[in-house]
Amino acid sequence: MRVAQSWLTEIIERTNAGWSVTPEELDAGFVRVGLEVEEVDRLERVGGDIERPLVVGRVAEITELTEFKKPIRFCKVDVGAPELQEIICGARNFAVGDLVVVVLPGGVLPGGFRITSRKTYGHVSNGMICSVAELGIGKDHSGILVLEPGTAEPGTDANELLGLDDTVIELNITPDRGYCFSVRGLARELACGFDLEYLDPAVRTLPEDAAEAWPITIEPASQCTRFAARRVTGIDPNAVSPWWLQRRLLLSGVRPISPAVDVTNYVMLELGQPLHAFDAAKLSGGLVVRTAKPGEKLRTLDDTERTLDAEDVVIADDSGAVSLAGIMGGASTEVGEGTTDVLLEAATWNPLLVYRTARRHKLVSEAGKRYERVVDPEINVAALDRAATLLAEIAGGTVEPVLSDVRVPTPAPEPIRMDIDLPDRVAGVAYPTGTAARRLAQIGCHVEVSVDEESGHGQLVVTPPSWRPDLAQPADLVEEVLRLEGLEQIPSVVPTAPAGRGLTPEQRRRRAVSRALAFAGGVEVPPPVFLPAGVFDTWGLDADDPRRTTTRVLNPLDVERAELATTLLPGLLEVAQRNISRGARDLTLYGIAQVVLPTGDTKPVAPLPVDRRPTDEQIAELLGSLPDQPVHVAAVLTGRREPRGPWGPGRQAEAADAFALVDAVADAAGVVIERRPAAYLPWHPGRCAELVVEGRVVGYAGELHPAVLERSGLPARTCALELDLDALPLRESRPVPVVSPFPAVLQDVSVSVSKSVAAAAVESALRSGGGELLEDIALFDVYEGAQAGEGRKSLTYALRFRAPDRTLTEDEASAARDAAVAAAADAVGAVLRG
């Protein structure tokens, strides 16, 4: 937000006469109360080697020069001198008699641009008629600055008139400080920072009226809690906003348009309450606040026809939607050149609905920015009074003695009880007596002092102001006191480090797994902890799939990502897609992180105290209410697993590569992971294996489903794995394998099995039948041709036999091989091939 220093000073000076600060002190004051200053922009006076380089002029004559490629005007301007000043100008938004701002020869504009007399377009131009951009007040180059009639006489020093000795402060208002999106809020923060009195400008200035300004109905589905309206009639459609108002708008980055629009923008900047002005003559019937009808259309003020969503909230009359609630008005009721009757509206909208509507329509507005951050629900009528009074003063209208103010009952904020010395204990600072109560009163809280009946300690009973819904518990109040007293007062004490105990077994296992995946060519990425909206619908999961049971965050950073992840794959796939969209093709990404799995015992709990150790019962209740949070490991493989080069064309990643990563995880964790065929989305049902440890399914691996990949924007044949690391048995120590000094006997065996039998099942059967002499087994050939037989395949394994205490004979090895084949025949129907 941009705001002029003079505007802030004006509000604070109402109760602190003569108060002034330098721009540097103002910058430091904002930073001291926790606001982020983006830029301090000092306006520059027009200087030069003449007494008055910048003056007010009145246009006396205009001659149109038509012999050039673009329209040019030869103007004679009265600048208070005996003779008219002749000036060439290309702008066309002024007429004879208008007051303009002129830089005379010898003047120097901001940026060091010197004005001189020079011949151009066949005439000598003695000066320049200025736009607000050339003066450094705004960014509008489309026309020159035209002052309101009667503003000043020709020859008046325009440096003083335009206030070019001001400073503009630009601040970055974070989402939790929505009340600072106004001069009212910023001035209050400054008053707190400099410990000054503050008088709130948001006050009612017009008498209460029983009559209704306009019929208004609020439908419950709109979630609008307040809608107020005032009417101003008989305004002059040709009126122009005075310079003081235009100047403040320009310095705030808002372009002046007309008195009705300028006043609503001005009051929004001043008080933080967005307003909208309807041309009352264009409204038909009463106003209804409702959700949009399916397929309903609205042409907004940016001249874009929008197809509305059923979740959009609109203001409608008998003809249909006339405004997109909280974001932008409609073109059909726009205040125009002939408007004489204006209906001013101020409402309180649901921030979440405004946020979603703005994102849905890709429509950003100053009103929407404020509603998304919460607007004070108690200043609607005060803002209407201010706007109506200003509009009547500027445009000569009459404020009708009627007011519509429809409210939906909402619960009042609950008082917060806080020990008086809680800020002292948290900060480790002995603040002067009464500091907490004084600081909380400064930010607008209602503060009472009481005594706790149980402990006998003094307490503050604090009711937060309407514009601070973020104050909900004692910790929030402590933060405010510490912030305003100065964080630099808190002593910097380094806590004593506990004696080192080394890594836990779980931490060692996690590191070992991470190293194993990195050695296998993987790149570790931190998986997002929140699920993308609609990801399980993209996968096609059943409605009762356990992964759909998620934990929602009450106040998420992004409303589209409010659910904690029950699986790491969505985040990893999203990271992979983002890298692929930026040119990466061959990826092996992995992540190790906790997932959140709600259970039937998961339930909300009361906040724990921050000023003392919670009781054992409170800790037990908290731990018992938490969802399960096991550590998962997941990986995604896409593109080539082996790069192409002079040695060959390379090799595409396939399910076997995902299984190889599973083996790497198993080896690092010191467990044996078996693989069994499975059908589990988002994996391909024919190329997916469930991962089993000691009879328990701990994860899945294989190639992802083609439909899921297409909907996710990922290449075909992308593979993935995910398994529950905490479900693996924790091996404190591993048995050291016995290394036999005797030679091994190598034999190959080919068996024929049904195509439906998994190779892993055959391997398991061979391993069990081979007994202790079978040291290793590896599949090295798969044949599914005609000679294998219909519906069958041939698998060839390399078997390695070795005895720890003797040299095996060929007969002993053959007997062990035959036993392995017999076990496979019993288990999976394998037939030995010759």
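Cβ coordinates are placed from backbone N, Cα and C, and glycine is handled just like the others.
Per Swiss-Prot, these features apply:
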- 48-159: domain 'tRNA-binding' (DOMAIN)
- 411-492: domain 'B5' (DOMAIN)
- D470, D476, E479, E480: Mg(2+) binding site (BINDING)
- 740-833: domain 'FDX-ACB' (DOMAIN)
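Assigned with DSSP, the residues of the domain 'B5' (411-492) fall into helix, strand and coil as follows: 29 helix, 16 strand, 37 coil. Per-residue confidence over the domain 'tRNA-binding' (48-159) averages out at a pLDDT of 90.
Per-class residue totals from DSSP over the domain 'tRNA-binding' (48-159), listed helix then strand then coil: 6 helix, 46 strand, 60 coil. One way to see the shell of the Mg(2+) site is to take the Cβ centroid of D470, D476, E479, E480; the remaining same-chain residues with a Cβ within 8 Å of it are R468, L471, A475, L477, V478, R483. Ranking the binding-site residues D470, E479, E480 by how many Cβ atoms sit within 10 Å of each one's Cβ puts E480 at the top.
A C-beta separation below 8 Å, combined with a sequence spacing of at least six in one chain, links D476 (Mg(2+) binding site) to I416, D470. For the domain 'FDX-ACB' (740-833), the number of residues in each DSSP class (helix H, G, I; strand E, B; coil) is 37 helix, 32 strand, 25 coil.
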